[in-house]
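Listed in TrEMBL for this protein:
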ACT_SITE  GLU257  active site, proton donor
ACT_SITE  GLU455  active site, proton acceptor
BINDING   ASP125, HIS165, ASP173, LYS370, HIS375, THR417, ASN456, ALA457, ARG488  substrate binding site
COMPBIAS  1-12  compositional bias 'Polar residues'
REGION    1-28  region 'Disordered'
Amino acid sequence: MALTLHSPTSFLSGVDSGKPHKAADADFPPISVALGSTRAGGRVRAMVISAAAVAPVEPRTAERFHRNGGPGSGPRGPGCDRRVPVYVMLPLDTVGMCGGLARARALGASMMALRSAGVEGVMVDVWWGVVERAGPGRYDWEAYGELVRMAERHGLKLQMVMSFHQCGGNVGDSCNIPLPPWVIEEMNQNPDIMYTDRSGRRNPEYISLGCDTLPVLRGRSPIQVYSDYMQSFRDKFKDYLGNVIDEIQVGMGPCGELRYPSYPESNGIWKFPGIGEFQCYDKQYMMASLKAAAAAAGHEEWGRSGPHDTGHYKQFPEETGFFRQEGTWNTEYGKFFLEWYSNKLLEHGDDILAAAEGIFRGSGAKLSGKVAGIHWHFKTRSHAAELTAGYYNTRHHDGYLPIARMLAKRGAVMNFTCMEMRDEQQPGHANCSPELLVRQVKEAAKAASAELAGENALERYDEAAYSQVLATSRADEGIGLSAFTYLRMNKKLFEGENWRHFVAFVKGMTEGGRRVSLPRSDSGHSDLYVGSVIGDRKNKDKFVAAL
């Protein structure tokens with residue numbers, strides 16, 4: 001088959017994502033994309049068929065495997081070979097700052113290619129900074145409505161992320177989408193609603209959890225604002241929830257993850273594999289909470305300030321008094337502080353998910369929450385990078401079981417990253433162990449009866465990464481993955497060898513992760529192969545897409 005496309009731009013070209021989509025310019029002739037398995041005699045054959053011959057893709061009516069099981073639905077058990085549905089993250093700027101759907105024609109063609117490869121659906125960020133940009137309670141869902149209808153036409157499900165964070169300043173951020181302007185105004189007037197480190201540096205990525213229940217946003221609390229946003233979303237998309245919109249992922253921190261912004265990359269503040277810094281030094285909210293907790297514990301002196309010997313963002317554990325092998329983290333004071341810091345994060349997540357649970361109950365869409373895969377310094381006793389992010393996980397204390405229990409209580413899927421990583425691929429000086437970290441998280445999810453889904457942390461197109469995900473997805477530890485979301489859809493994904501690897505990976509996941517080695521070729525015509533783009537030479541490089 002071949003798909004005929006009209007577009008004046010490359011798939012991920014530098015287009016102003018803030019501008020609404022406009023029809024393609026007639027000056028750009030159609031591009032025919034070769035489809036199907038096209039290798040023959042070591043060369044690539046291109047089959048060209050008129051676009052009129054391509055039948056529309058009907059929405060699937062087959063049984064949904066990644067569905068709302070609710071509380072107690074339980075993990076995948078040993079020996080279970082249920083398929084693992086694969087979703088693909090859309091570009092961060094799919095909906096731009098001005099509320100327009102970017103590159104709509106290319107997006108539709110790409111959705112068709114993903115559907116033909118066996119992909120279950122796509123994930124998209126529903127940016128707070130875009131939807132509520134005009135003012136409190138003034139919501140613009142138009143572009144997301146267009147996207148939902150597009151996904152429905154192509155038979156794809158949607159994972160929609162309630163993104164209450166800023167885009168820009170972290171790993172993989174390719175665009176800048178700040179919080180709503182009226183929220184930034186409140187931050188400027190009251191800087192303590194921003195996360196604050198020991199030196200007084202403010203972080204505007206996400207509103208500090210210290211003021212979750214206080215009316216700091218023009219008479220509403222952050223939890224109320226998030227709730228109103230989600231209620232408006234439900235009202236707008238009620239007819240699509242549970243069928244097209246398969247999952248609502250609730251953002252709970254920077255990058256949408258349940259964590260503190262302890263390792264910001266913007267302006268070179270942090271660099272891998274630095275330990276990061278605690279984010280609790282604003283005076284009105286976090287420090288006031290610490291003071292009250294210290295008084296309740298009978299140690300008022302512990303509430304005068306946060307730890308003073310924790311070093312700075314780029315340091316290593318042994319360079320600090322707090323995180324070194326026998327450091328302050330393992331003293332009575334250290335344990336008190338880490339319990340308080342991590343419990344504040346757990347309470348934050350529980351409050352938001354409780355609101356989401358009430359709003360989306362009965363909708364048919366499942367809830368999920370994302371947890372960061374902080375694998376560096378995992379082999380040390382203190383696990384410093386995890387501690388500053390709010391995960392009280394050390395040699396002597398399990399930081400992921402409480403998170404898994406909180407998510408399970410709210411019937412939410414635990415979505416965890418770094419599923420593609422192997423220990424042998426990490427730099428030795430960073431004391432990384434993504435494999436041991438994933439194993440610990442799987443054990444925590446199993447113990448809490450929480451459903452577990454996964455993502456890759458970094459863009460990867462190689463067989464080793466896919467094979468690692470396939471192996472991780474299996475229920476070897478008594479729990480496998482209920483779904484996997486691939487990061488991310490872009491031009492590279494659709495290039496020849498990359499696409500072949502991806503399609504083989506999706507097929508392996510549909511087989512329950514049993515096939516951990518990808519095929520070396522598609523000579524047996526079992527895997528979909530992306531053919532060459534043909535047509536006008538000027539446009540040959542504009543799209544690399546397939547069905």
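Any Cβ shown, glycine's included, is placed from N, Cα and C.
Heads up, TrEMBL stuff is auto-annotated, nobody curated it.
Location within the structure of each feature annotated in TrEMBL.
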residue	record	Cβ contacts under 8 Å, 6 or more apart
ASP125	substrate binding site	LEU92, THR94, VAL95, VAL161, SER163, CYS167, GLY256
ASP173	substrate binding site	LEU92, CYS167
GLU257	active site, proton donor	LYS370, VAL371, ALA372, THR417
HIS375	substrate binding site	CYS418, MET421, GLN426, CYS432, SER433, PRO434, LEU437
GLU455	active site, proton acceptor	MET89, LYS370, ASN415, PHE416, THR417, MET419, PHE484, THR485, TYR486, LEU487
ASN456	substrate binding site	THR417, CYS418, MET419, GLU420, ALA465, VAL469, TYR486, LEU487
ARG488	substrate binding site	VAL88, MET89, LEU90, PRO91, LEU92, GLY172, GLU459
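Comment: substrate site residues ASP125, HIS165, ASP173, LYS370, HIS375, THR417, ASN456, ALA457, ARG488; largest CA to CA distance 25 Å, whole number.
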